[in-house]
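If you check TrEMBL, you get these features:
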DOMAIN    A:21-247  domain 'Cytochrome b/b6 N-terminal region profile'
TRANSMEM  A:47-73  transmembrane segment
TRANSMEM  A:117-138  transmembrane segment
TRANSMEM  A:150-170  transmembrane segment
TRANSMEM  A:216-240  transmembrane segment
TRANSMEM  A:269-289  transmembrane segment
TRANSMEM  A:339-360  transmembrane segment
TRANSMEM  A:380-400  transmembrane segment
TRANSMEM  A:412-435  transmembrane segment
REGION    A:544-567  region 'Disordered'
COMPBIAS  A:544-553  compositional bias 'Basic and acidic residues'
Amino acid sequence: MSTDTYTPVEDTGFGKKAAGPVGWLDDRLGLAGVAKKNLRKVFPEHWSFMLGEIALWSFVVLLLTGVFLTFWFQPSMSEVVYDGSYAPFRGLEMSQAYASTLHISFDIRGGLLMRQIHHWAAALFVGAMLAHMLRIFFTGAYRKPREINWLIGVGLLALGMVEGFAGYSLPDDLLSGTGLRFVDGLIRSIPLVGSYLEFFIFGGEFPGEEIIPRLYMAHILLIPALLLGLIAAHMLLLVYHKHTQWPGAGRTNDNVVGYPMLPVYAAKAGGFFFVVFGFTALMGALVQINPVWAYGPYNPSEVTAGSQPDWYMGFSEGLVRIMPNWESTFLGHTWSWNVFIPGVGGLGLLFTVLALWPFVERWVTGDQREHHLLERPRNAPTRTGLGVAGMTFYGVGWAAGGNDIIATQFHLSINALTHIFRIGIFLFPVIAFIITRRICIGLQRADQNKILHGYETGVIERSPDGSYAERHAPLPVTEQYRLTAHDRLPALEAPAETDENGVALPHGRVAKVRHRVRSFYYKGAIDKPTLAEVEHADEHLAEIEGHPVHLGEDFQGVSETGIPKSH
Amino acid sequence: MSDEIQSHDSSSTPVRTEPVQDPGLQPHQWRPTDVDPAQERRAERQISGMFTVAALLFVLFAVSYFAIDSDQTFLNWSASNFALGATLGGGLLLIGVGIIQWAKKLMGDHEMVEMRHPARSSAEDREAVMADINAGLQESGVGRRPLIRNSLFLSVGALAVPSVVLLRDLGPLPHGQDETVWKKGMRVVNDVSGLPIRPEEIEVGQLINAEPAVFFPAEGEEEAEVHGHELLAAKSKAAIIVVRMRPEDITPSEGRENWGIDGILCYSKICTHVGCPISLWEQQTHHLLCPCHQSTFDLADNGKVIFGPAHRPLPQLPLGVDSEGYIIAMSDFPEIVAPSYPELARDQKRLDGES
Ligand code: HEM
Ligand code: FES
């Protein structure tokens, strides 16, 4: 192994040459102090920890390809006559923004590729952020001390979606104009100030002449700068808190086990950047996305049927579609609930719930400890159920956003579909919650069985009296530990309503509500076995002597094909 | 609160409470490449192979850049896009996979353990910081001089005034949301050809996308009266559809009996929901469906909403015929076109008063 032939870096030729400049830098920046702490920092490993990394790297891809696009893109709404190389449009009037997007696509070599990589990376960026957030949620990684990083994450997700929408609007093709028209309708629906906001944001009545230059500024300067700042804060907090890890042998709440930043983690993460970039580049090469020339320039009196926004806008779109057509007049004003509630309220509600959740859960559980071990989703059945309910809510909204496509694909009536979605948006999440919580509790029970009764080996034994039974064997101790390394359920005592003198306690009512919510939160969850139960089970498993075959140390059970598994 | 779960130091608990005790970190497992020099050399060759192929792909990228014409196609699509993307993406993927393989197969893979520390700072640090803050507050006298302090708050708060006022010129104040370019006597023209339309040209069941004549150059003119950028703004309110139904199918509401010509009616094309142009016409039912969120309007029944999230009926444009026999508008829309806005109720009342 290489450790035998190891030469300290300062004695190598390279080290000797680098010593001067490195020393020069440290004389001025004093970086060795920081580097000493961080170069060999330990990062734990798990596939789900890569989701955030995908988001990070796709953001970098967006920066790189976005800068390329700015070399030619012209954010102007003045009308020009097209004379580029896309023949069908020659002589047509269109905005400069659209003409320059055509120019990038048809006259700049590699321009189309960069546009496509940019758009694929945008879809991946938002998708990876969402998946990453779900992973954080379902494993309880947002718990103390990481609540602030969760909030930063919620901000990143919101900004990412706005950034994506701004980008989608820039080319000023028929689809992006239709999207802007939608946003204009949304803005107008804001009670009391809607018209003012419309005129100020669009620089006049829709479409005005200012919106694309303004969105451009937001898209390439304001929002990327905010994203960059938040991402930096996100990473710094990650390093400060150290990454969470899954419980397991030797992995406790007080340590972190994994590979050092230098070289393994840096190499894997760095390599992963190339993988993400390479993947988006291949997507850009092979799968068409947003072919703006197929839609034509924006024309407020045209629309393409079945026009769809980028996928992450589908949720709002769906809510808007299934909202009843309520509009009312009072105080001499028009209140467009039909647009305002789903359009502004839907995402507003989602982000508010996301931002508040860690604090709500902490209030419910009363848990003030720091958590660095991840929780398996099954061990928090109510949280997992609520998460799946939220996903279902989002999913129903999203599906409703494609109700016309669903209707034509499956030959259903759009009216019937809309009614199903209207009920489903409230009903399906409840069903999803109940089912998920049941499944979690079932899985908890299965874990408990494995510990108390061993696992099923697949070996069928015939007893002297002729009956058959499957032989059980105890789990390896590392596995047993992994399955029991979570918190025990707290004892739920109803709070006292009065003090010892019978006087009502000041916080009596709040405490009662909290107790009720807490009972709901822990309802049905199965606790891990007690020490006594496990000791009893051990004796029991050891006691069944007289097996005809000795299974051996390495035995891991029998697969379906009858071949013994082992590592 | 008494029922909060407080942190406790688990390592100092003497009694064993956990059902299964932590067996501790498991012994290191050697990889094939650690123990078998042949495997190690093979991995080395594979990885450097990937890097070399990646370099070759980047050279191919340059070749494709110069050699492929922008109009050449491959599988019906830009050959240049395919070649550039495949070489770039392939090369990047190979670099990435190579580095990760290097880390997995050849770099030292001993797991390391690092201890965590609570996120909070030590009690001494906290105290020291509080002391510093107190000293700062004391020396500044913020507490002792409320007059200065409060007037400072006032002035900084008043900074909101210039900040907001500065934004005033972002756009004009709302105006003209209740009017379009339509006026009495303006011809209705086909939205593609720009030609005026005679009632006889329209068959029962037919729908024509139309626009006001001012969107097209008048005879002998180069440019239309409304053109360039203003055209888009005007279009987003003035676009219309003209349909012909059997007169006996139509049930005009009071006062609208003479808004059509022998079953020819004209409606705004702009959805009253959030403003999509509507054009899906079902002849049999006289329904007009908006492609955006499926609001459905009954054109035989005054543009009434019969399904979907739109609330207001489609505004109708009263039609007439000019001396040359072409269809004209008899006024601007008597109802407000395009998505609702807060002052809509007020503006509509004014329009109703004018007519
Ligand atoms: C989080 C980050 C970003 C997201 C989600 C995003 C998303 C998008 C999307 C969806 C488009 C439409 C592309 C298309 O035509 O198909 C777009 C266009 C564009 N983006 Fe971005 N972008 C991001 C960052 C950036 C950055 C950092 C820059 C520049 C510094 C940039 C520059 C541009 C330009 C110039 C266009 C218009 C050119 C065109 O459409 O061909 N973007 N962006
Ligand atoms: S814009 Fe027509 S239904 Fe929404």
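Cβ atoms here come from the backbone N, Cα and C positions, even for glycine.
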With the transmembrane segment (A:380-400) as the reference, find which of A:216-240, A:269-289, A:339-360 contributes the most Cβ pairs under 8 Å.
A:339-360
Which listed range (A:117-138, A:216-240, A:339-360) shows the maximal number of Cβ pairs under 8 Å with respect to the transmembrane segment (A:269-289)?
A:117-138
By a Cβ-Cβ criterion of under 8 Å, what residues six or more beyond either terminus of the transmembrane segment (A:47-73) are in contact with it?
97, 100-101, 103-104, 108, 111, 114-115, 117-118, 121-122, 124-125, 128-129, 131-132, 135, 139, 170, 216, 220, 224, 227, 231, 243, 269, 272-273, 276-277, 280
Intrachain neighbours beyond the transmembrane segment (A:339-360), with Cβ under 8 angstroms and 6 or more residues off its ends
133, 137, 142-143, 147, 150-151, 154, 157-158, 161, 185-186, 188-191, 315-316, 319-320, 322-323, 326, 390, 394, 397
So what's the mean pLDDT when you look at the domain 'Cytochrome b/b6 N-terminal region profile' (A:21-247)?
95
